[in-house]
Amino acid sequence: MRQLQLIIVSLLFFFLHPSLSSSPQSQSLQFKLHRRGPVGPHRASHLKPLFLSDLRRQHWIRSTIKRNLEGSKSYRPACHQSTSEAFEMPIGSGAYTGTGQYFVRVRVGTPAKPFLLVADTGSDLTWVKCRPRMDGMKEKGNGDGVRVFKPEKSSSWQPIKCSTDMCQKTLPFALATCPAPDSPCVYDYGYSDGSRAQGLFANESATITLSSGKKTKLHGLVVGCTTNSSGTSFISSDGVLGLGYSSTSFASLASSLFGGLFSYCLVDHLAPRNLSSLLTFGPTVSSSLIPSTPRVTPLILDSRLTPFYSVSIKCISVDNETLDIPPEVWDISSGGGTILDSGTSLTVLADPAYKAVVSALSRKLAGLPQVQMDPFEYCYNWTSVGTEQHVPKLALHFEGAARLDPPSKSYIIDVADGVKCIGFTSAPWPGTSTIGNILQQEHVWEFDIKNRRLRFEHSKCQQH
């Protein structure tokens with residue numbers, strides 16, 4: 001009975017393995033992204049927990065990469081179908097909830113039910129909050145009004161058995177618990193801030209709308225049915241959409257059916273709740289989001305960094321002056337490297353790069369009165385007239401001559417009325433740097449997994 005309770009306690013995570021019920025020829029898949037983060041006059045009170053959450057996430061990222069280096073884990077990408085179609089989902093800021101995440105709405109099961117999921121490029125697990133019914137138990141209401149997935153009501157729900165190779169060799173964080181060959185494959189997934197999700201794995205389907213307007217299903221998605229979760233990461237969401245690079249992630253599986261690529265455009269992290277953009281699988285459909293002159297750089301899919309997507313930074317400049325940063329900081333083989341992460345808010349730089357960047361920016365801002373604003377190191381009184389002219393131009397230069405010129409609000413960030421701070425944090429060296437979602441905002445980012453290319457371009461990202 002106790003083992004049965006453990007399995008039930010483990011049924012809230014929801015992963016996705018895609019396969020299409022109809023041919024994806026000439027269609028496209030898109031989701032809307034909604035961000036969760038601080039907004040309004042009280043945003044300063046939200047920044048400290050956001051800052052601390054980022055620090056915990058960086059610890060988790062370092063731990064994940066360390067495990068990769070110590071193990072022999074590798075991922076062979078799936079074959080990618082050529083298609084001119086796509087599907088898309090709205091994606092938007094969750095600033096109104098006080099967390100630093102972006103959200104999409106996904107329809108899961110048969111019949112399909114909508115769930116609000118965190119869009120996370122650092123997660124290879126997709127899951128939803130779940131409440132399976134045990135034999136002999138009468139159905140109860142949710143009680144707390146929270147959306148939960150009820151697997152017994154979905155005709156497409158297929159639990160993965162603990163005796164299968166998928167459970168024992170492939171699925172992330174699957175437990176060795178297997179009391180009987182037909183017992184479900186259970187997991188215990190830990191997150192950067194100490195949050196945990198426990199549940200069981202299954203194959204499920206998700207309903208999508210193609211670019212032609214036709215609705216169809218993605219079948220065989222690996223889904224975590226989470227029956228027990230702890231921590232603060234998931235208070236405002238129904239689960240996580242795993243967009244990481246992994247054989248079991250939603251991104252890798254869905255993109256394999258839609259040309260081997262996916263993209264997103266993140267609205268301003270302080271955008272109102274009703275403003276959203278798109279998460280797209282397949283060619284970018286919305287003409288307003290198609291960049292006219294995309295920047296292109298290699299997308300590094302390195303097993304040492306799985307499930308993260310990595311890029312090669314050549315240098316960083318401030319007002320066109322290249323900063324003195326050791327090249328080892330950007331080299332994976334030397335203990336450095338850089339990843340893009342939709343789940344981290346502030347951009348985190350390995351200590352040598354952090355010191356060079358904040359030193360250069362603070363010198364350019366020396367004429368402004370400094371103020372203290374915990375936990376940031378450099379903050380300024382921005383109430384004097386004409387201070388916008390003091391904002392130095394920051395640029396990240398990638399391999400392949402691609403250059404990211406973020407808007408100044410992405411690195412000189414608003415933390416209170418009349419106060420702006422240099423919006424970077426430091427990571428220990430040696431260690432990996434992380435381009436967070438604030439520096440990514442108002443750009444289209446296209447992850448071409450098939451051809452291992454990253455394309456990006458400036459965009460307002462406003463879909464609705």
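Backbone N, Cα and C atoms are what each Cβ position is placed from, and that goes for glycine too.
The model shown is predicted, which means the values in this text are computed figures rather than measured ones.
Here is what TrEMBL says about this protein:
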SIGNAL    1-21  signal peptide
DOMAIN    102-457  domain 'Peptidase A1'
ACT_SITE  D120  active site
ACT_SITE  D341  active site
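Cα of D341 (active site) to Cα of D120 (active site): a span of 7 Å. Its Cβ taken as reference, D120 (active site) is surrounded by 26 other Cβ atoms within 10 Å in the chains shown. Looking at the domain 'Peptidase A1' (102-457) alone, the prediction's average pLDDT is 89. Every protein chain shown contributes to the tally, and the Cβ of D341 (active site) ends up with 26 other Cβ atoms within 10 Å.
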